[in-house]
Amino acid sequence: MALPVAEWQGRTARLWAALDPALREQMAAASLRDAVRLGCDLLRTKEEEEAALARLCHRTPTDKDPEAASWYREQGNREFQRGQYQAALRLYSKVASHEPPRSAEVSVCFANRSAALFRLGHFEVCLEDIARAESHSYPDRLLPKILLRKAECLLSLGRLQEAQDALGVLESKTAVDGVMTPQLKKLNQLKVKLREKERCPKPAREAQSGTQGKPEVWEENNRISGASSSLSLNFDAERGRHLVASRDIVPGQRLLKEEAFVSVLCPGKSLPVQDGDTAWDTRATNADLYCHRCLRQLLAPVPCQGCSYAKYCSQDCAAVAWQQYHRTECSLGALLLTLGVFCHVALRTVLLAGFAEVSRLVARSHSGDKDLQNPEARCKRPSEAPDAGAGARGIPGCDSNGQYQSSYQALFHLLPHTEQHSPEHKFLCTLSVVAVCKQLQAAGLEAAVLDQESPQQWSKPKTCEKTSGELSPELKTMAEAMLRHMLQLQCNAQAITVMQELGPGDGAVVNKEPVRLATAFFPVLSLLNHSCCPNTSVSFSGTATTVRASQPIPSGQEVLHCYGPHRCRMRVAERQQLLSQYFFECHCQACLEELESGAKSVVSIRNSFCCPKCRAQMQGEEDTLHCSNGACATSASRENLSGRLQDLQQQIKKALDLLRVGKADQSIKMLLKCQMDAGNFLSPEHLLMGEMEDHLAQVYATLGKWQEAARHLKKSIEIVEMHHGPASVETGHELFKLAQILFNGFAVSEALSTIQRAEGILSVHFGSQSAQIQELQEMKACLSELPRNILQRT
C-alpha cells in the first residue's frame, strides 16, 4: 500500500472539499515550505482529524501484546503436535514478536521454535535459537531439553567436540539436579552416537564441481557511482538527466550495480485486528518472511525489542536498523502502516540522511537554487551556477567534482513535480507528513531525529507533556523534505521484486512468480529513462539492484529501462494511460511505430476472442464483436465474452487450489475442461492458453509424469515466445522449469540442450552468478557424469 489507507484518503478529500476556495487556491499554488506551514495550521485546528487518525492506527497495532502471544503459542503448539512444523515455526515467530524482551516467556518461545527448526533439519539456525533461549533467562528446570537438542544438532553437523562439551555440561547438571528417565535415556543414546562418529573416519571433502561462474570483468565509472565505465551521464531539456553508451555494449554486460539509498518493506496483505476481536491473523506476509532492513528471507526472525512489527535476519541487522532509523520509527509503527509505504520511505530517507544534510539542502532550495525545481535552467546556463551543487558539468545532483553519487544530494535533486501533482494529492501528502512530525514531537523523539542524542539515550522514546501542536522550525524543515520525497516517489519509486515460490516449495519442479517486496530510492537507477521496449534488464538481490544490457547497445545510444508498461504485455493506449502517472507522454520507438502505423497491436491480436463457430478472430471496437471471416456472420457481446473469460479464470484458480491440497487428479480434470472451454472463444495464442499448459505441466510433474509435464510445458513455451520473444526473461524462466522436468525425467540429451539454452538467456538477464544459473550448471554437471552408454541411449 503506497498511499495512506482509504479512510484517511477519504477524510482528507472531504476536508479539502470543505476548505474555503481561497485557501484551496493558496494551497494548490503553495511551495513545499508554504504547504507544510498551511498543513500545520490546519491540523492544529482540526483535532477531530487527529483523533480519527488515531482510531485508524488502532486497527493495525504494532505494540507487544501478551494476549496475542498466548494465542499464537496455542496455535503453534497445536500445529507442532500435528507434525506441521513449518506452520508451527511461523507461529512461534509471531509469539516471539509479542513477548517482552529478555523474559522467561520469550526464552521458552525461542526453545519451542528451536524444536520446530530441529524437526525441519535447520540445525544451524536451531542452535542460534537455543543460544537465544539460554541468553533470555530460560528456566533452569527445562535446560536439559535444549541441551540434548543442542548436542544432537552438533552431532548432525559433525561438530563432535562441541557436541561432547554440550553432553558434558548436561552430565554435570544431571549429577547435581537429577534428570527424568526419558532424558537420561536420550543422553545415553547420544553418547553412544558420539562414540560411533568419533570412530568413523572423517569423510573426504567433495571436490569442487567447477560450476561456479567466472567473475565478471568490471571497470567502474569514475563519474557515476556503481555504473560501468561504458556509460556517460548526459543532460538535455527534452530527456533531462540520462545515461548513454560511451562504447558498444554487448547483451548480458553489467551496466550498473547500486545499493538502495533507502528501502522500506511492503507489509503485504494482512487482516487488521478490530475492536473486541480475540483472533489474530496467522497468515505469513512479507513482514514475517523478509528482514525489515536487508530484505533477506527469514527463517527464524529476530524480533525488535520495542514493537511487534519489525523483524530482522540477525541481531546485527537489528542493531544497525535501530541506530540508523528504527529507534525513531519503533513507536510510530501503527501510524506508518496507516499512512502507507511512501510516507514511511519519506521519513526513513530524512533519518538516514541526517538533519544536518537535510537542512542544508532545504535551505538551498529556499535561497533561489532554481535547479531544484527547474533543472533545465541549470543545463542552459551552467555559467550561472551559484555553487558546486550542480556539478562541474552543470548537471543537477552532481557533487563539486562533477561526480554523480548514490547520495542524498542526488536523491534530493530528483524532480518532485510539485506543479503537476493534483492539489488533492499534494494536500493528502502534506497532512500525512505533518501528522508524522507532530507525532514525533508528541512522543519526545525530536532530539533523536535532529541527531542531538547520544547512543546511550536511544533505549526507548521518552514521553513529554502535550504541546500546543505547533511544530518546531527544525521539524518543519524535516516535514518539508519529507513532503518533497513523498511527491518524488510517484515518478522515482522503484519496486524491489523477488521471485517467490508458489506453494510449499518442496516439489521436484519449483514454480515461482515475481512479488513486490519493497519500495526504494535508487538515485543512479533513476537516471534511466523509460522505453516500452527497453534495452536493459533489471534484477534485485536484497536491497541492491543490477542492470544488464538485454540487447546490443551501440555507442551513443541511450540506455533505457521499462517503468512497467511493456509493449509485449499491453496495447499502446493502455501503456500511455499507465505512464501518465509519470507526467510525460511516451514517444519511445515502440509507441511511435504503433501510433503511426495505425495497425492493430500484436498484443490485441494474440489475446483476442475467437469466433465460437469458425474459430476466426473476433473484431470490433464497440460492445458487439463480429467474426473476421467474411463467410461467417457470427457476432457476440463483448460483455458476454469478458464474463466467460472471468469465469474461466475462476475455474483455473479452483483447479490450482485442488492441487495445493493434494488433489492432483481432480486438478487435471478441471484444467483439461478449462482448456476445452477456452478453445471455444479464445485465440489459440492467448496468453491464458499458455498459462493453462504451464499449470498442467505443474500438476503432471507433481505426479512424477515427466513426459506429460514436458509436453505441456513445451506448448506453454511456444506461446510465451510469441508474446515476449525467444530471448526474453519470461522464456528463460519457462526453459528453466523445462530443464528441471527433463532432468527429473532422465531425458538426458534433451535436458542438456534445454539447460544450454536456458543458461544463455538467463545469464544475459541475471549474470553467471545467479542462483538459477548455478542450479542449471549443477544439473548439467550431474548429467555429464553419467556413464557414456546411458548418454548414448538418451
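Glycine too: its Cβ is placed from the backbone N, Cα and C atoms.
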Q.
If I go by TrEMBL, the feature region 'Disordered' sits on one of 366-392, 447-473. Which?
A. 366-392
Q: Give the range, chosen from 50-77, 526-553, 638-665, that TrEMBL lists as coiled coil.
A: 638-665
Q | Mean predicted confidence [pLDDT] for the domain 'SET' (229-564) | A | 84
